[in-house]
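Note sheet for the following structure.
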């Protein structure tokens, strides 16, 4: 049996992971990360609930204080991208640098052979000795999109015990069976450091000024005024405050000129994208190849052609044009249920662009 550290967020998923591994006879250590100063230290917080579950299971529990690192690596990056008119996904960066970076280092320092998390994803090892990341049995909860940037070195040191569990109801049933205090606790919010998922309020609290500017039609006409580019996202329709013969959508966020560009629905469709900072879990099969990709978490994989470019970039051409390709989000490539790799969406491409 192994000495395994479990990333315990105080939620149902990671608590069940700890209980399952203990049931299997492993020596389990609980680690809870404190990433930002909580509003309280009582019930419902990761530190409290993680420690409570660890005490129930009779396992050691460690609180890892990472507030300065999380601020520097994740929150400041998030704010900077919004300043540039992009729509970031901080969870992907957090997984690579924090959970499977600093937390994994702490697990090794505590003598753990492996780090286990409550992610819904599967990791297998192929005949070639390479680790493969695959979608979870529970497709509705699959989190493989968020882990595309993990390296082989990271994947060799982690396990995902919930990857084969078919439903969240089954996880909750296990939590109840283990008598865990968090068995009925709700799922966590989308971005952990943004209170009430109010992005605009958070960004303004962090120093981004709500600078009004023009809302411009793709044809060039000034149609109205916006209340700050950080308050808008690609594909947004509601809240524009514009009367027009057809529904209008946000097509572009130009923070350098303080403009929001809008247009009719057909202008949201893009033929492809340019990806940057591309990384691969397994080597790409060729410099140009067909596969499928997701351009946001809840997007269904769509057929595409990938062309590798210099400087860890790539061009992606969709078989059918896709709606709301958003700079700052991520494109992740799949071959059937296997994650190949991915990268940050740098720009959307129309059919006329090279």
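Glycine is treated like the rest: Cβ placed from N, Cα and C.
Feature annotation from Swiss-Prot assigns active site, nucleophile to 94. The local packing around residue 94 (active site, nucleophile), expressed as other Cβ atoms within 10 Å of its Cβ over all shown chains, amounts to 24.
The Cβ of residue 192 (active site, cysteine persulfide intermediate) has 35, 36 as same-chain neighbours under 8 Å, each 6 or more residues away in sequence. In this structure, residue 192 (active site, cysteine persulfide intermediate) belongs to neither helix nor strand by DSSP; it is coil. Sequence annotations record features per position, and here Swiss-Prot assigns active site, cysteine persulfide intermediate to 192.
Counting only residues at least six positions away in the same chain, the Cβ atoms of 7, 9, 46, 64, 66, 98, 99, 103 sit under 8 Å from the Cβ of residue 33 (ATP binding site). Per Swiss-Prot, ATP binding site is recorded for 7, 8, 9, 10, 11, 12, 13, 14, 33, 118, and the stated evidence type is sequence analysis.
As annotated by Swiss-Prot, disulfide bond applies to 94-192.
Within the same chain, residues at least 6 positions away in sequence whose Cβ sits under 8 Å from that of residue 119 (site 'Interaction with tRNA') are 13, 143, 146, 147, 160, 162, 163. Annotated site 'Interaction with tRNA' per Swiss-Prot: 119 (among others), in sequence order.
Around the Cβ of residue 329 (site 'Interaction with tRNA'), 23 further Cβ atoms fall within 10 Å across all displayed protein chains. What Swiss-Prot lists as site 'Interaction with tRNA' is 329 (among others).
Cβ neighbour count for residue 9 (ATP binding site) (all protein chains, 10 Å cutoff from its Cβ): 21. When other Cβ atoms within 10 Å of the Cβ of residue 7 (ATP binding site) are tallied across all protein chains shown, the result is 25. A straight line from the CA of residue 94 (active site, nucleophile) to the CA of residue 11 (ATP binding site) spans 18 Å. Summarising the environment of residue 13 (ATP binding site), the number of other Cβ atoms within 10 Å of its Cβ, over all protein chains shown, is 25. Long-range Cβ neighbours of residue 11 (ATP binding site) (same chain, at least 6 residues apart, Cβ-Cβ under 8 Å): 46, 49, 118, 182, 185, 187, 188.
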